Amino acid sequence: MARTIQSLERAAAVLRLLAGGERRLGLSDIASSIGLAKGTTHGLLRTLQQEGFVEQDPHSGKYQLGAELLRLGNSYLDVHELRARALVWTDDLARSSGESAYLGVLHQQGVLIVHHVFRPDDSRQVLEVGAMQPLHSTALGKVLAAFDPVAHNEALETGFEAITERTVTEPADFEALLDDVRARGWASDVGETWEGVASVAAPILDRRKVPVGAVGITGAEERMLGPEGLHQRLVAAVRDCARSVSRDLGAGRF
Amino acid sequence: MPDTADREYIAAIDQGTTSSRCIVFDHDGRVVSVDQKEHEQIFPKPGWVEHDALEIWANVQEVVAGALEKAKITKDQVKAIGITNQRETTLLWDKNTGVPVHHAIVWQDTRTDALCRMLGRNVGQDRFRRQTGLPLSSYFAGPKIRWLLDNVEGLRERAERGELLFGTMDSWVIWNLTGGVNGGVHVTDVTNASRTMLMNLRTLAWDESILASMEVPAAVLPEIRSSSEIYGTAKGGVLDGVPVASALGDQQAALFGQTCYSVGEGKSTYGTGTFLLMNTGTEAINSYAGLVTTVGYRIGDQQPVFALEGSIAVTGALVQWMRDQMGLIKSAAEIETLALSVEDNGGAYFVPAFSGLFAPYWRADARGVIAGLTRYVTKAHLARAVLEATAWQTREIVDAMKKDSGMELTTLKVDGGMTSNNLLMQSISDFLDVPVVRPMVSETTCLGAAYAAGLAVGFWSDVEDLRRNWRRAAEWTPDMDPAERDKEYQFWLKAVQRTMGWLGEES
Ligand SMILES: Nc1ncnc2c1ncn2[C@@H]1O[C@H](COP(=O)(O)OP(=O)(O)O)[C@@H](O)[C@H]1O
């Protein structure tokens, strides 16, 4: 048999014990049931408690399974829920940036646009909800690839088609770019998907800090860029929006 | 947060059915801060719903202070306060002590059903429609006042001696804001007054003959004012000295916030229930198609603007029902995921006449029906049918408006919690065959109150100024084959017929 990690086996035993029969158990019951010293058992329980897998009743001091375990089996965030949560924040993003705002999630080999807020001028615009964008060249896609390992794999498997002259097509360059994205917490696309169009995006994280999507703005290069590159106030607005939505997702369902 | 130190703002108070909120807006109509607090729903008997008006006033003060604090601004930066409120909820209080003599009777409360039938005499529910634009129904405030005077010991005498004041929640909040027992002004605005069943739509004054029929002494009634003028200034509290400058019922405030200032412009608010209002200009249009006629707004001494209103009792509530009673979805938004897992409704139609049919049918004997079931139908088809129910009910109201007014709705402006549902918004556009547009500020109710208050103090110069603030966040355009639309509508109408007459003699 391959080498196993003893403390994990012990933790699993604690969880199984709490899951079966009697639901709440005291420290000594647990220690004697799994045949460990109280001190060791307490250490296990404390760690499990920190992770949210176990909860301690404040009155009796007894232990029970934690809410986090339920969420583990049920962790998929509905994209329509994501849109509902993001609605006010993305409206505000479009309004403060003066550009159109998009919310994207990983879907198959690309970015699925699940929400789109028009640019706040009076021009005719068409709702792009349901459209797909490439993972390797858009700001939304790069954010997903940088923070979500599944998206990263999809991007590598799909390859790096040259959409414009500026599209990054070398895998090594792409990796370096993702490192950058991870380090500064946002991604950009300047003419890499559409000529003359720039975008900025940042990740949306759920309560466990797992990336569930990306939010960003897209607009003409002449508005989005200054002599120093992307306007910092636009980057800040996108990141503020991403943080607000993320904070909202930590607040439980409605 | 932008630097707010030397800028000017308008604060709007939304005294709603489940909570009170205060939102601070800037000159562009953007939300600067929000504070909100829920109050208790009191259910003394089945069908009765009450609120503790003292709790509500305490909450209002709290959220106003909270919103100012979150915005990091002082009262000197607040140029005016606007009020919007749950409509029709009725309160009587003692003029000298400021203490309510009974809990407020909430609009949803049905205790006056029998009284309304009695008031209809041999004429029926349209007895006061010509003067007031409303059918006799337990919703409206007049019968609720009558109930209080008849059923609470000693109230009638005290009312006749002039010791009591009546108000909907706008009046209660304004009276308290402007000093309460120390000189508070006792006023209501035309939109709220138009929901009492006591105001004549042609004169915009209390109707003597209805007061006599309803046995409501004129002494308790507030003065009817426009929706946008300075009623007084706040006395004490965090807004001391700030002008109180607007009041509008919540649906009218949303109409105003959506900048529906031209004849034929309309908005629909999709929440628990749905309210569609259409601006019909300076003429009150009688409804023969099951809608109500109401005052949309009145700015200062300008002409009043009227509206036709259609309400749907169950829209978001049906989604909640799928979640809570059926357990088919875990969150309201998931209805869209479930619905999108199939192409169409599979032949199923869901008419949620849970407590009868409202506009345009007004059939109390109707109950909900799911029609067209076959073995093929799955929960996903039902999810589609749930969303389509909201869209078809909207279509029925829009058709009734066309019949009554002869006006064609050219676009529908939408707001409320259900507007985050993309499939629903597309279905509404498809079924109505008009574009559906969502504005960038979803808080249209508070925004409307803020706009009306801001106009009164010159913070905004005119309605054109306000129109310029309106921004389109999304637009759905119709994309449905007309023959398909007609066929589906016929099935829907057939399903509606199946709901009627469910309750018969035996119940
Ligand atoms: N994405 C959605 N799809 C369908 N219904 C929704 C969605 N989000 C919210 N709702 C419904 O909208 C209602 C809440 O909207 P809201 O405007 O807050 O209502 P209210 O002001 O009446 O409380 C609820 O009934 C809920 O079921």
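Cβ atoms here come from the backbone N, Cα and C positions, even for glycine.
What you see is a predicted model, and the numbers here were worked out from it, not measured in a lab.
Binding of sn-glycerol 3-phosphate is annotated in TrEMBL for B:Thr17, B:Arg87, B:Glu88, B:Asp250; the matching candidate from B:Tyr139, B:Tyr270, B:Tyr288, B:Tyr297 at the same site is B:Tyr139.
There are 26 other CB atoms within 10 A of the CB of B:Arg87 (sn-glycerol 3-phosphate binding site), with all protein chains counted. B:Asp250 (sn-glycerol 3-phosphate binding site) is 13 Å away from B:Ser19 (ATP binding site) when you measure Cα to Cα.
The separation of B:Asn421 (ADP binding site) from B:Gln320 (ATP binding site), Cα to Cα, is 14 Å. Considering other CB atoms within 10 Å as the measure, the emptiest surroundings among the binding-site residues B:Thr18, B:Gln320 are those of B:Thr18. Proximity to chain A (Cβ-Cβ distance under 8 Å) holds for the following binding-site residues out of B:Arg21, B:Asp250, B:Asn421: B:Asn421. A Cβ within 8 Å of the Cβ centre of B:Arg87, B:Glu88, B:Tyr139, B:Asp250, B:Gln251, the residues given for glycerol, is found for these other residues of the same chain: B:Gln86, B:Trp107, B:Arg195, B:Gly249. Put simply, the two farthest-apart Cα atoms among B:Thr17, B:Arg21, B:Thr272, B:Gly316, B:Gly417, B:Asn421, the recorded binders of ADP, are 24 Å from each other. In this structure, the C-alpha atom of B:Tyr139 (sn-glycerol 3-phosphate binding site) lies 15 angstrom from that of B:Gln251 (glycerol binding site).
Close contacts with ligand 1, defined as a Cβ under 6 Å from any of its atoms, occur at none of the binding-site residues B:Ser19, B:Glu88, B:Tyr139. If you take the C-beta of B:Gly417 (ATP binding site) and look for same-chain residues 6 or more apart in sequence within under 8 angstroms, you find B:Tyr270, B:Gly271, B:Gly316, B:Ala332.
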